[in-house]
2 protein chains.
Amino acid sequence: MIHHSLAIEAVIIAIVIVTMWSSVSNFISIKRIIIGRPMRLKELHAQHNKLFWILALPILSADLYSSVSYGPESGITELAGLGPDARWIILPITVSTVILLAILIVSYIMGVLAYPNGGGAYAIAKDNFKRPLPSLVASASLLVDYILTVAVSVSAAVQAVASAYPAIGPYKTALAVLCVVVLLLVNLRGVAESATIFAWPTFFFMGCMLWLIAAGFLDEFRHGFVQPQTPSFGTVPEGLTLLLVLKAFSSACSALTGIETISNAVPIFRDPKQKSAVKTYLALGAITAVTLLGFAYHLYVKGIAVNPANTMLSQLAQSYFGKGPLYQIIIWSTFIVLILAANSTFTGFPQLSALVASDGFLPRALTNRGDRLGYSNGIILLAGVAIILIEIFHAQTNALIPLYAIGVFLSFTIAQFGLCMRWMKVKGRLWKTKLAINGVGTVVTAIVAMIFAVTKFVDGAWIVLIVLPVIILFSVAVRRHYNQVAEELRIDPSRMKPQAHRVRTIVLVSGVHRVVYHTISFAKSLNTDVTALFVGFDEESIERMKKKWEEWGNPFPLVTLRGEFRSLLSPISQYIGQLEDKEGHPDHIHLILPQFIPRRWWHHILHNQSALLLRSWFFRNKDVVITTVPYHLRK
Amino acid sequence: MIHHSLAIEAVIIAIVIVTMWSSVSNFISIKRIIIGRPMRLKELHAQHNKLFWILALPILSADLYSSVSYGPESGITELAGLGPDARWIILPITVSTVILLAILIVSYIMGVLAYPNGGGAYAIAKDNFKRPLPSLVASASLLVDYILTVAVSVSAAVQAVASAYPAIGPYKTALAVLCVVVLLLVNLRGVAESATIFAWPTFFFMGCMLWLIAAGFLDEFRHGFVQPQTPSFGTVPEGLTLLLVLKAFSSACSALTGIETISNAVPIFRDPKQKSAVKTYLALGAITAVTLLGFAYHLYVKGIAVNPANTMLSQLAQSYFGKGPLYQIIIWSTFIVLILAANSTFTGFPQLSALVASDGFLPRALTNRGDRLGYSNGIILLAGVAIILIEIFHAQTNALIPLYAIGVFLSFTIAQFGLCMRWMKVKGRLWKTKLAINGVGTVVTAIVAMIFAVTKFVDGAWIVLIVLPVIILFSVAVRRHYNQVAEELRIDPSRMKPQAHRVRTIVLVSGVHRVVYHTISFAKSLNTDVTALFVGFDEESIERMKKKWEEWGNPFPLVTLRGEFRSLLSPISQYIGQLEDKEGHPDHIHLILPQFIPRRWWHHILHNQSALLLRSWFFRNKDVVITTVPYHLRK
């Protein structure tokens, strides 16, 4: 009766926890095994060989191009309730999507011309708006969408494989989580070294898709194009509403996410950078348009219906090639490309969050690089939230789509509007044409974002519309806090010179043994006013301690306290409270605690770690300097 | 598409985490709200008013008596595969169960006579066996069974309610987890004060069960006893094997768990204690026997069939009373009594684990009492593992039963055998009769334990048979570790006197500001050899620091290090490594770290907490004394 899926997930979660823990507690030895040796800055730079545009194309296009595998399908899914008569509507929808793609690509080419060093929506907004709000909206929506890209791409990847192997159906969630964990580990290791390796699977997948489309035309030519299973064209099915068409359109638009990648990455191109980037944009746009149109057309002509257990791509491939090796190649290349799309996010998300954090709008911990120069906190955050989303939505792509893309289109809008501002300010050659292009881009992307928000609101977009303002308010609060702290810490070095204070030192002793010997010897080396403190839980143990201390030669005056329960905290905090209240109280109260350091990790649970609890309590509640003298157990 | 059950569970888990965290980090203010004010030892003693036996009966019997609600049903479930013809077999099985109950009660009365201060299996084994193994087997099996009691009782309670309200069926797991969380919170608050309140629901449930049985006889009298829906009696259905009968018998025996409670609790009775305890045992035995026999008989006569969505108790009550108020009373009193049974475990488990821990066989942290005098670590451990079990087995009582009761019968066997040893040693009045009784008890419980292990092995008993030796080995390892540490720490006080050491102090500085001013002033008060240490990530920041330090008047010699990445750890550990390797290295290396203490809890994530990371790393890897000087932020 044990549920295997749950057991698998438990194992995966255990791996995640171990990883987190090893990266938090800096257990270098364990980390080395999992994460690999640290990378040198020089290696990083050496690996940044500039790329020829044809090689850059697949590397930068995994995110955009992979979404063709689920975009049209999620559009058709919205119309499925109306029966086969509604299926033809995907054709005009796909045409609209391709027009939108063209507008976006032309607009983004303007971005490449404006920012030869790469300009994401956040950078463009920061550069062109005086107030921080637009850039915060851009960063919040991009961060949310990066997370959703991982969840959606990995879910779609697992669904592709589950279409070929229905037996793994019940374990989809577990497998999707496993994929994210693998991506997490790979990215904590750092993957920059192998970037060009990623080019080939995407090329291969592009080839597969084009070949599938060609095979389709061949097949249709043989069947005389309109086949018996082709649903009717042009009939208006009962129940068709504008809302439904817009909903289907916005779902289909999920195929356009990832378009901004190239404009962020202009510096990695071989010279002339901007020209190369523009070529790449044009080539990618053409391939994507052909794929979307061809794919949607074949889905319609073959009369493919929605089946949650078998993706439409899989059904189409099956209808041409059966379940043989050609079909397997298509399934696995889809899987690999979708995983690569998720992987590209593991670079984008931590870089953006580090950029925003270095401006003071997110916790500074996100700017910490790990040993392998990845921003490990950002990577862990991304994987963690993506796993939670996959768990909540049970790895169902279509359930995640309503949350997706709204953030992308918001950030598109801000970037376009920022570029308009720029052209008006900077002017330059042909600035009016550029302004017109980005003006159209702004309006179109704003409309699409609004269509998204309205049509998908109840299906899940409301979550994003709540989360975005929360992130933005958090960013503002973070920045304010950092400013206040900086203000509070400022001193005038010429007036405030450090000088010796009166320090009252208290050494906590639990008996007369090796650890206490060690600690008392340390206290003897300081030039402060030292008292030894013993807490007993009955008169007998207190008397015994007093006697032992006497026999030991009274190294320091001994104060004994009686604790009523087995707790050290309340007697010690009362005693310290009394010292603080005294007239002429010391400048610093200084508590010395001995601490056991066990030799094996599991021995930690065997020692009460009262030192740890006392320390955390006193830090929060009193102004007490705390010294911990470690004693490393040999056994 | 969001799964509500999961969302509910997420909320519950969040509550648990907050509770754990508040109890770990001793955030007294939050704890007070949830857990209430600390209890005084005097109150505890005042509340231990001795109990008249009729009031003690229900308090001590919730665990045993509540299991009648699922015991017979789990026996019948084993036979369900054979069809209605096999249903009569529950009658001889119930008779055997009742005979076993009688043997156990008489054996346990011997225990009460032998140990007037209360003797659980662990105490009896410790008292009568020279080697620790039998007592460790007893404690391990009892601890495992306490956990299973929580999981089984809470699952059965939720199943009872779900029988009346099928709509909550999908949320059973979430509700069971919620019940455990409520029990956890209630028990962290401490519940000794209200023990007598618990008497009435159990009395009431006993009344309900007896009344249900009486109503049944009235109904059967009217229908002439054998009714059309009564399955045939005495026919041997196809496929009936001895193994299956034994399996059904051992499932039905789950109704006998909890019998040891009274013998553990002799001191709470009013004088004459032992006589009162014996009376309670006899009365409880009689009521339980009547209930089991009557309940099983009616289930047979009414031809009730297994239905996972509707418990047999619910079906039977429904057949007499419909779905009206009488039925509701039975369902809710079943729920309450099963929750009380789980609750009684929250006293038993922490007490036993504290007892075993004080003998050095479990981590000493289990002997810590919380503010309200409950053993909070034990309570948290119990609730945590029970929740995991409920999650894995999706709150299905019948899936948990195979793991259950084997531990109980193992500990019964050890207790009985221990008593035999005692009679042979102590002798006294009628010792041969007592020896005979406990001898029979030993043999019978050993046989039942074996039947359990064999028939339930593949269904889940194997898990327990792996877990028990693991716990026992762990206990032995824990004890050995404590002994070794005590040996290591022993010193000769007349020869080892503490004396001043040479200390090399290093103060980590990150600039010239208020926190550094504070820390350097503290260091000035010590009489040690102090160096200030600055880590910069580029030449520019290092030069700037040198200049500022100079302007500040060089409070201490400044050492600057160049870090290649954003990590402080490796340059500092290299520097300390060099100090350690030097000829005439100091006795103690002493690192002073400034630490921010933010004013609001969420500000913690805004500060890099490098002090925290450095401290934990140095503790594990180097012999460095670490002082943290707190700076409490005002903003």
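Using the three backbone atoms N, Cα and C, a Cβ is placed for every residue, glycine included.
TrEMBL lists B:6-30 (among others) with the feature transmembrane segment.
Positions annotated as transmembrane segment by TrEMBL: B:51-68 (among others).
Among the features that TrEMBL reports, transmembrane segment is placed at B:88-115 (among others). With a threshold of 8 Å between CB atoms, the same-chain residues lying at least 6 positions outside the transmembrane segment (B:88-115) that come near it are 71-72, 75-76, 79, 123-124, 231-235, 240, 245, 248-249, 252-253, 255-256, 259-260, 262-263, 266, 274, 277-278, 281-282, 284-285, 288-289, 292-293, 296-297, 299-300, 412, 415-416, 419, 422, 426, 434, 437-438, 440-441, 444-445, 448.
Summarising the annotation, TrEMBL assigns transmembrane segment to B:168-186 (among others).
Residues 55, 58-59, 61-62, 65-66, 68, 287, 290-291, 294-295, 297-298, 301-302, 316-317, 320-321, 329-330, 333-334, 336-337, 340, 343 of the same chain lie 6 or more positions beyond the ends of the transmembrane segment (B:198-218) yet place their CB under 8 Å from a CB of it. Residues or ranges marked as transmembrane segment by TrEMBL: B:198-218 (among others).
Beyond its flanks by at least six residues, the transmembrane segment (B:238-259) meets 61-68, 70-72, 74-79, 81-82, 86, 89-90, 93-94, 96-97, 100-101, 104-105, 108, 145, 149, 152, 288, 292, 341, 344, 401-402, 404-405, 408-409, 412, 448, 451-452, 454-456 of its own chain at Cβ-Cβ distances under 8 Å. For B:238-259 (among others), the entry in TrEMBL reads transmembrane segment.
Feature annotation from TrEMBL assigns transmembrane segment to B:280-300 (among others).
Sequence-distant contacts of the transmembrane segment (B:329-352), counting only residues of its own chain at least 6 positions beyond either end whose CB sits under 8 Å from a CB of the stretch, comprise 60, 62-63, 65-67, 69, 120, 122, 139, 142-143, 146-147, 149-150, 153-154, 156-158, 160-161, 163-164, 179-180, 183-184, 186-187, 191, 198, 201-202, 204-205, 208, 212, 258, 261, 264, 313-314, 317, 321, 366, 374-379, 381-383. The transmembrane segment annotation in TrEMBL covers B:329-352 (among others).
According to TrEMBL, the feature transmembrane segment maps to B:373-395 (among others).
Summarising the annotation, TrEMBL assigns transmembrane segment to B:401-423 (among others).
The transmembrane segment annotation in TrEMBL covers B:435-454 (among others).
Tertiary proximity for the transmembrane segment (B:460-478) is limited to same-chain residues at least six positions away from its ends with a CB under 8 Å from its CB atoms, namely 132-133, 136-137, 139-141, 143-144, 356, 360-363, 399-400, 402-403, 406-407, 410, 452-453. Annotation comment: TrEMBL describes B:460-478 (among others) as transmembrane segment.
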Non-local residues, at least 6 beyond the ends, that sit with Cβ under 8 Å of the transmembrane segment (B:401-423): 70, 74, 104, 107, 110-111, 114, 119-122, 124-125, 127-129, 134-135, 137-138, 140-142, 144-145, 148-149, 152, 250-251, 253-254, 256-257, 259-260, 431-432, 434-435, 438-439, 441-442, 445-446, 448-449, 452-453, 456, 459-461, 463-465, 468
